[in-house]
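Scroll down for the structure; my scribbles are underneath it.
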């Protein structure tokens, strides 16, 4: 059936009737219990979805274009129809409830990508939890511009700074792709590109035709009709839902309680009847209460008939009850669901929940009243109204579902019609029920008919269901000329026309929705409309119309104000330049600002005749006021940042509005100095003032940025008008004056005795404005300000206040004032302190007619005037003992007044100004010490680093980059040496650092050597370049007689008191004054005031002072200043000095200076001659230094060699010295043990003799093939799993620290370790066994290396190295070994269980593992150059370990006995390869346990292997084509060696192959020869390692080199040629002369199981996986890098998430799991089990994970950005991070040598001890790994947040991890975050906690599955399937994961 145009009306009626009468359906009509309610919800959802989809699809005709048949439906019952057949079928609720349908509206996963295409519109896709948000610094207009993973196209952002964030519940947003205003350059949407690729496929044409039906006018009309009806229905339902409104909710409860208590049942029934939802389809069956008299109590005594039926009690979420409070309150309400915790969780998650429901009203009333006694919000709601509200919820969910259908045509139509219906007028307003009469009837006390705001103040609609009048304010022209001390006169309109659209109604009802519905509505409406180019401006305009309503609602009438829609609206709408332009042009900005002012005004008071904001003092549990304040200020700042015309904020109405807002916080927070006792409780009220005033400063700075960017286009008259308004307001305040010297009026005020404020935003604003115009124009604008001191004095008070606090004068006010002062003074983002300096500079310039008055006013404000005038002496001022420190601050202030001139400079361009500021900031941040890029960037104010291009340019100009040297440090930037001279330690930029320490650092860089540091004189940085001409005389006040007197008195104080506290600064100030005078009056000028006041006399006294009085630097500075003064005016100066000190004193001084090379009375000609000689001497010294340097560099060439001592002949027979690491005793007779880590190794791989990739590549050092990425074949994956489980593949790793056995036992007992899990007491390396040792000595044994090679090598022979044992020794070592065997389970538990196993056979197992350890060393050395001898060099510790293991084996057989050679620990089996290195295993076994020479053993082994290899290789090539292809492939990789005639003959003797079709018959032998050499190489190298270990046992001296057959092995083998290496090595280790000789031998082959079917071992490079060259690739192109994946099958949206890890062992992408155990599960199931390394691309970290005991640490990923940074900082700004091979090689070295466990334990330190202890039986159920990050070398590396963690408790080696993942959250107070209380000792108090655990308890984690009884938690997962992880929020994972975490429902996705 098709719907024609004339049928739309009837369809509209059907929709309206169906929705509004849904309560009449029998299935929904009556109340039901909690379980039935859940079934009803599912049925209701399916009913809404089926019906609306059927209607919107033209009676189901177009459903096939939207959905496919659900696969379950076809499988379960093919008879069931896929889609509804008719309207009747669609609304057949019985069919739904009887489960005869399966939802057809499942979205086709194969087409899910289509939903991301957004041709012709913005994307607007809402980010999901776990998905990345991409920001491009170059492309985005600001930080709010983001792209989703589907739209982000890496091609658009090559070489750009692209950074990512992971979407969480708190960092969300929508994709801005397609929004041209959001991007600086056109972007090419990736989703659209994919669509274009698909559209070229002919198979898609049919789908495109099907989609076109949604462009049909009939279908468009249908969509519009359906959406209009559902939105109208939604509005109608929530218009009548006034019960949850905070304005009347309590009144309803009170009224119901009173009616109940007073027995007014009829009135109560009537009241409830009036409140409940009604429409035209209600009938009397739901209630019997009517207005007829027959229902009165008198007519019918039966109350049951009066009470309405079917009512519910609904509890709403709020933000001021915690979990326990809510649970207690719910219990009092006696809910019908016994699971209170589930109810509480639902309230928190959903936002509301039904407490109970009943047909009988009296059954629910008690609970309704009871739950509210504890303050919970509850409503008494009729069942029908609840049903309609649930219907509305599912309608919104249905719309959400529609927005995700992968049909682009449908999306376009649906979204357009959604915008149209929402933005259209709500025409049904008059037809629907008006709640105004109900409110007026029952709440008349709140409903004043004469109040025009009666509707908005109750948050209800006006008459006729219209948007009510808001509290708007209009600023008239008459109020734009000046700023009122209170509030400027404004007009309040009595009426206003609103659009009255559906959108406005839905937003107006925002405070009525519950939490989940509120979020869903916002997620449906805001992204959809904000992404529409057509409806976005309409949406914005309609939001602005009711901005006043929403803002007031948030402040006064919202239960959950943090959920307000206005926040997201501001971000999505007001950040759009077009919208912002419209807002300003329509003057809506004024309405927004006055709406915000209106709310602030509610909390203002009048102080000193001025209206200022005061802290909220009324109870506000929801924090709605704070949220409203912050949101309002953020809105203003956001709009100002998007101003297109910089004149707009300066227009009269706008500037008055902004100034009114700023004025409310001007000096709002005042503090007063406390005296007497210290405060017990510090005042924290300042926080709110600080917070909001900071926002005001941000608004001011935003306005300043806008004006700065478009300075040339601003009307200067607007600037001057603004200056006039502010100065008039600030300058006309009534202040008290006092008279100084009967002639100078200064302002009377005492900072230390009166209330004073830090922050004065208006003063800062005035400073900004004055900076933008010339001083002359600004001065003329001050026409209404007669005394600028009235303005500047408030800034001066702030400066003095900060200084008094800094010196400890306000100590009794507590620490909080110190933090406030620091925040205000040292915060460059505020810029307020420097602006205070600026205003005081202006006072000096503009009040220049009476400079003494200014100086007196400054002295008085600093409370130094009484001292200056002589009324009090120096030691009895108000500051008492802190006077010296306050003067130190005073001098710094005066110096800054004199030298800080940045606000008076004029630059040719904005960039020049910014570059000057950036360079200065960098210089002052780098001079103290070099900094990493991130630290430096954080140190520089944000407004200077918005464009990092400019920052980088300035950084390059002023600094030198120092590359990182270590493996964990960052690169740093160091200030250029030439720039240290430009650093002034008394400048504002150095405010945070002390003068003297800063000066010392600067001098140390300027001085040539340490002795010269004190002699360096720092030059004050004073400049008049680019200065406004009216500011040239800024320093004139310092040349005034009054100020000279101040300086004189201060110098005199220093001399009199012999106090140098402030003398350094004072002399620097004097120096600055002289420098400024020189710039203004010429180089030979000295201020007259400093001549009339004999400053020179005081300088001479300081210069000649004793060394214990003043420091050398002070004396040098005074001497320098005096010298400069004398040079300029010698006669006057000497006359003054002689008058004071006499001739002799002055002559002595002259002589001293002459000895220093300074003639104070020399002529100009003499001075030039002296300087020329000095220059000549300097050049000569320079040549001498160069000569000395040359000699040092070539010292070795000039030294003679005769002094060398030859030590070769000296023999050393003594054994190695053993010292116990614990007791430090080396003389004890106790046996020693060494700690060792004994576990599986991941390095053994099977080989393929026909794979040229294995044999042809050169061993040329560590490498990374970024083209290969991370693909690994299945054989490798299988080998990794086998390596982690097969007992024959274990190795040893040891730190080789010797410990007495008895000391070790005591250590283990004391630390509560076990012998198979402990950390080395010296280096904290994790160990799981000990190896007993004793000293060996070659003395008197006759043993030598040649003997081992030529005659006999066995353990019997080697045991002669032991000294004779006593019987006691035997017993002791025997017991040690017995204990070792027991604790280590024979070093292989499976072998130990064998029936014929005896303790003696342990030596066989140890020998296998020792051979593996040698193999590990050899494999690791393949990565280093030169490969031929790399295994010899830089491996002292490894050889020491090998020697110790061998000694242990020797000692074992010597004490316990020889093993049975009939016993085979790893017997040969047809399908089992125990050891890939079987050939070397044979060599070791024969060498140690057979009385034959080593050469004979090696010869037999290599001969057998070579023959087997050649036969298998040559016979395995079947035809010429195969050979040719193999040869070509091999030649492409490397050089195939040519066989010689001799070698060809030798090869043919073994296998003579004749093959037709070959170009050359020799190529098959060339291949065989080349591959054979590479196959022999590993075993030959291992034999050499074996020999070197033997050499270590019997060498004569420490430095003796390895010599075989008279050849020094390392020198002999050090070359690259493989063939020559093999031949020479074979000559050394076998009985043959070469490989040819080996192959042609006629000796019989030894028969041994190990030499039969020898497995081939991989002989290539073994390392961690190949990584992408750039780490960013994993983030920006994660979908293109096709890695194997491992995740839960329940995880949705996995392809779009960045919270994954990449296993560096096997290359699998491991997705985050809900239980956070993804790493452990991966290692145990699919990879190498014991340990692993995981790359976390999103955070640029590597997680090193140990399975047993479960532990994590985080280290920086081996990627560096261009600034040499690693880790999180490397990618923070989107920098390109490149793989650093050196660091990756270091990580690989840890992995390949089995050193990751030890590295983890060393990093964790003593905390690893807790990890070991908590891994026992008792602790197992409460263990999570301890995530720890490496402490960075750069101390400023930030964001050390806790990372991912895994968990595994191993009961036995075969135990499946799935059986061990259950645990209780925080059962013993120990979790992933560490030990409670932070100390390791606290862990051992867990027993107390455990006793409490057996008590029943509630679960405080609302989002996690609920706790079972604690004892069940303790007993593990077999008693409880829910796994609870502390601090895991399921909402931060995929939502589907939180439903089901049981591993039985999980599988690995590959």
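A Cβ is built for glycine as well, from the same backbone N, Cα and C atoms used for every other residue.
Note that this is a predicted model, so its numbers are computed, not measured.
Per Swiss-Prot, the features are as follows:
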ZN_FING   121-194  zinc finger
BINDING   136, 139, 157, 160  Zn(2+) 3 binding site
BINDING   161, 952, 1763, 1775  Zn(2+) 4 binding site
ZN_FING   1220-1324  zinc finger
REGION    1826-1846  region 'Disordered'
REGION    1893-1950  region 'Disordered'
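Put simply, of the binding-site residues 952, 1763, 1775, the one whose Cα is nearest the Cα of residue 157 (Zn(2+) 3 binding site) is 1775. Compute the center of the Cβ atoms of 161, 952, 1763, 1775, which mark the site for Zn(2+) 4; besides them, the chain residues with Cβ within 8 Å of that center are 933, 948, 1761, 1762, 1773, 1774. Of all Cβ atoms in the protein chains displayed, 18 besides its own lie within 10 Å of the Cβ of residue 160 (Zn(2+) 3 binding site). Counting every protein chain shown, the number of other Cβ atoms lying within 10 Å of the Cβ of residue 1775 (Zn(2+) 4 binding site) is 23.
Taking the Cβ of residue 139 (Zn(2+) 3 binding site) as centre and 10 Å as the limit, one finds 20 other Cβ atoms among all the protein chains shown.
When the zinc finger (121-194) is classified with DSSP, helix, strand and coil residues number 12 helix, 15 strand, 47 coil. Break the zinc finger (1220-1324) down by DSSP state and the numbers are 28 helix, 21 strand, 56 coil. Averaged across the zinc finger (1220-1324), pLDDT in this predicted model comes to 86. The Cβ of residue 1763 (Zn(2+) 4 binding site) has 932, 933, 934, 961, 970, 971, 973, 1775 as same-chain neighbours under 8 Å, each 6 or more residues away in sequence.
Of the chain residues outside the Zn(2+) 3 site list 136, 139, 157, 160, 137, 138, 140, 156, 161, 162, 1774 have their Cβ within 8 Å of the site's Cβ mean position. For residue 136 (Zn(2+) 3 binding site), the Cβ neighbour count at a 10 Å cut-off comes to 22, with all displayed protein chains included. Across the structure, residue 161 (Zn(2+) 4 binding site) and residue 139 (Zn(2+) 3 binding site) are spaced 9 Å apart at their Cα atoms. The 10 Å shell around the Cβ of residue 157 (Zn(2+) 3 binding site) contains 21 further Cβ atoms across the protein chains shown. The two recorded residues, residue 136 (Zn(2+) 3 binding site) and residue 952 (Zn(2+) 4 binding site), show a Cα separation of 17 Å.
Residue 952 (Zn(2+) 4 binding site) sits 18 Å from residue 139 (Zn(2+) 3 binding site), taking the Cα positions as reference.
In the three-state DSSP assignment, the secondary structure recorded for residue 952 (Zn(2+) 4 binding site) is helix. Neighbours of residue 161 (Zn(2+) 4 binding site), defined as other CB atoms within 10 A of its CB across all chains, total 20.
In the three-state DSSP assignment, the secondary structure recorded for residue 1775 (Zn(2+) 4 binding site) is coil.
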